[in-house]
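Data first, discussion second: the structure below is written as structure tokens.
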Amino acid sequence: MNAAGGGSGSQAAGAAGVNSSLSHNALLSTASGATTMPMAQLADGWLELESDPGLFTLLLKDFGCHDVQVEEVYDLQKPIESPYGFIFLFRWIEERRARRKIVETTAEIFVKDEEAISSIFFAQQVVPNSCATHALLSVLLNCNENNLQLGDTLSRLKAHTKGMSPENKGLAIGNTPELACAHNSHAMPQARRRLERTGAGVSSCRFTGEAFHFVSFVPINGQLFELDGLKPYPMNHGGWEDSEDWTDKFRRVMAERLGIATGEQDIRFNLMAVVPDRRIAITHKLKMLRTNQAIVSGTLQKLLKADEQGESGNGDSQRPDTPTTLLEPSAFTARDLQSLLKNLDTEIAINEQHLADENDRRHMFKVDASRRTHNYDKFICTFLSMLAHQGVLGELVSQHLLPSKKVSGQGAANRISKQSTTASAGGSTTGATASTPKTQQQQAAAAKNGKSPSKTPGRRRKGRNKCRKRK
């Protein structure tokens, strides 16, 4: 915590090193000139983001990295295809409570060598509420550029921060307008109001015990690194066996972290994987399947045509030349090719459905983002004012309050009915004795003679029996 919460003096010095040519009140603009933001709002104006894979996927696209998506991991044992890294979200107060248990372990795996630290992208979180962007950049900027297209913004950031200290890298992230604007564009309106109420400089992601925090797990040079912007150094969890994948090592680390091995599952967490865009692999597979479909279909047509010519008596007809070495006419009959073509059609239909599902997911990501970021305050206030102007607001409020009153009235009625039921049940014991035929005859005779019926005939009867016994 002390390393993450750097003082204002070190922050000013780092900011001077990163943006020495810009004044504090200057306007920063992107390379295209479309995005402008006051310098004073960059480091202090970052907003909280939700932990949502759709939000993170759209955020990566806004960063300029288009061939990547983020998926939520529900089962650690389920294999994940070609992940770039993992983002682990946990409750910061719970990590702080468990600090005594893991402080010795983390101290042993800290990488304190400056040369080793400068060779990787590790940035300390010195800007409030930027942990989500930090986690994404810790994965992307430590990946091989041959396997991932970072885009102009991230490529410039990676080149600009090469050789910087972790603190200055964190300041460089916070003072990049493209990242700040993309980050804040996915925040809910409530996050902006909270920031305005509490004032800048206080990070709920860093200091509030009820907040959550993001950290990244990424393979670097055959070692599994944990990159936490609130820690002073990166953590090296070591390598993995030659017969293993790096995700196997990650599963063991997470199992120990979450207490799954010991049964202590008391940490609320969320796990997401940064993976290649699934649509790219599906599109490539569809292209291959359609190519094979065309080859098989063409070969089948030529084979059937040759068989028809042979049946018609044309002895000079030859077997067709295949367009590929994968299919030899002597190895496949017409029935085999028809069966293979049917399987290809099925595979194509399945992958087309998968591609449509992925596109629908992307569309829903955008719909959810619009709903998440839209400010409904003006609409609600205008709608209520129109109802009040038409004179129907009070009636609607009364109608909505009536069910609660009915419920309370029903509760009182139920209590009264219970009391009456209890009273009638208590009197039913005495009434049962008085309602017997013999007792009714006695009451009728007493009424005829002008005498009041006895209230306790049972007791008098017992007394007479005792007197008779004494005699």
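Glycine residues also receive a Cβ, built from the backbone N, Cα and C atoms like all the rest.
Annotated domain 'UCH catalytic' per Swiss-Prot: 45-276, in sequence order. Averaged over the domain 'UCH catalytic' (45-276), the predicted model has a pLDDT of 82.
The site 'Transition state stabilizer' annotation in Swiss-Prot covers Q125. Cβ contacts within 10 Å of Q125 (site 'Transition state stabilizer'), excluding its own Cβ and spanning all protein chains shown: 29.
Per Swiss-Prot, the feature active site, nucleophile maps to C131. C131 (active site, nucleophile) has a Cβ environment of 28 other Cβ atoms inside 10 Å.
DSSP assigns H213 (active site, proton donor) to a strand in the three-state reduction. Swiss-Prot lists H213 with the feature active site, proton donor.
Look at Swiss-Prot and you will find D228 tagged as site 'Important for enzyme activity', backed by sequence analysis. When secondary structure is read from DSSP and collapsed to three states, D228 (site 'Important for enzyme activity') falls in the coil class. In the structure as shown, the Cβ atom of D228 (site 'Important for enzyme activity') sits within 10 Å of 25 other Cβ atoms.
Outside the domain 'ULD' (375-403), and at least 6 residues removed from its termini, the chain residues within Cβ reach (under 8 Å) are 189. Per Swiss-Prot, the feature domain 'ULD' maps to 375-403.
The region 'Positively charged C-terminal tail required for binding nucleosomes' annotation in Swiss-Prot covers 405-471, and the record cites similarity to another entry as its basis.
Per Swiss-Prot, region 'Disordered' is recorded for 410-471.
Annotation comment: Swiss-Prot describes 420-447 as compositional bias 'Low complexity'.
Sequence annotations record features per position, and here Swiss-Prot assigns compositional bias 'Basic residues' to 457-471.
DSSP classifies Q125 (site 'Transition state stabilizer') as coil under the three-state reduction. Nearest in space to H213 (active site, proton donor), taking C-alpha to C-alpha distance over the recorded positions Q125, C131, D228, is C131. The CA atom of C131 (active site, nucleophile) is located 7 Å away from the CA atom of Q125 (site 'Transition state stabilizer').
Helix, strand and coil counts under DSSP for the domain 'ULD' (375-403) come to 24 helix, 0 strand, 5 coil. D228 (site 'Important for enzyme activity') sits 8 Å from Q125 (site 'Transition state stabilizer'), taking the Cα positions as reference.
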